[in-house]
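Enquirer: Quick one: structure below, then a few questions.
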């Protein structure tokens with residue numbers, strides 16, 4: 001019996017001694033293959049899914065001053081007080097020296113009409129409306145009344161001021177010289193929005209030279225570029241995008257899940273990927289022609305990299321005169337609330 005035990009111990013150890021090196025060799029081979037294959041796979045997918053930049057020149061969008069949500073007077077008075085992102089704001093901007101274009105935000109209504117409003121949830125913009133744009137039709141949205149900035153009073157004296165559709169703004173802008181930054185905020189029907197934007201550009205050809213589409217969600221501009229290689233696009237970059245998503249969602253009846261809020265690893269991966277998309281190589285993948293970035297993230301190093309990659313930089317929201325002058329000196333397009341005709345001041 002004792003001899004049998006010794007036999008199995010000796011032979012078992014011998015087998016283990018032979019197998020361990022084999023496992024090590026196989027492990028080394030697997031690691032080497034992964035080191036070689038994974039970069040090749042990444043390179044293949046990057047090359048296959050990368051989109052070309054706009055086939056038209058986009059230099060006309062360099063070194064502009066854009067009125068954020070239509071802009072607002074530096075000193076609001078009774079005769080120039082109006083809601084943001086409205087026709088009143090755009091009419092005002094069209095008559096102000098130093099304004100080269102306007103920026104607006106777009107969502108889809110329930111009947112798939114692009115509506116202009118900053119927030120998708122309407123409680124903070126309209127009177128007694130705890131609804132999302134996506135839950136109301138265009139006709140229903142046009143029945144709403146704007147709240148003033150103090151969130152108490154109503155813009156009653158602007159009797160005809162109602163939420164505009166994107167096409168209504170486009171029709172107004174055609175007779176002006178203003179350029180247009182269309183910030184797409186649709187998060188659900190992104191492909192549908194891309195088709196609608198493409199159709200608007202086809203029906204209003206002047207947009208190809210005077211408008212570009214921007215979005216925080218990369219797929220919004222990716223979908224547009226896949227449909228039409230002549231529409232200029234811009235990626236909106238914000239650091240810690242997941243924090244912004246959570247903060248915005250918490251202001252609506254649909255907050256983010258606890259799983260997402262507390263998942264530090266997932267949020268880090270998303271934030272890192274979004275920041276990578278804001279690099280020249282990431283923008284090349286999206287086919288984006290412009291980078292719209294928070295003003296505090298703009299540096300000389302970033303500007304040098306973008307200039308080398310022929311990427312136009314837009315900074316938002318620039319409301320300090322000295323900062324605006326530095327950015328304009330570096331041919332950066334500035335998006336501002338109030339700083340328009342300030343040269344020489």
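Here the Cβ of each residue, glycine as well, is placed from N, Cα and C on the backbone.
Unlike curated records, TrEMBL annotations are generated automatically.
It should be emphasised that the depicted structure is a prediction, and the values quoted were computed from it without experimental measurement.
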Enquirer: Please identify the range among 7-24, 61-78 that TrEMBL labels transmembrane segment.
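Expert: So the range that TrEMBL calls transmembrane segment is 7-24.
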Enquirer: With TrEMBL as the source, which of 30-49, 90-109 is set down as transmembrane segment?
Expert: 30-49
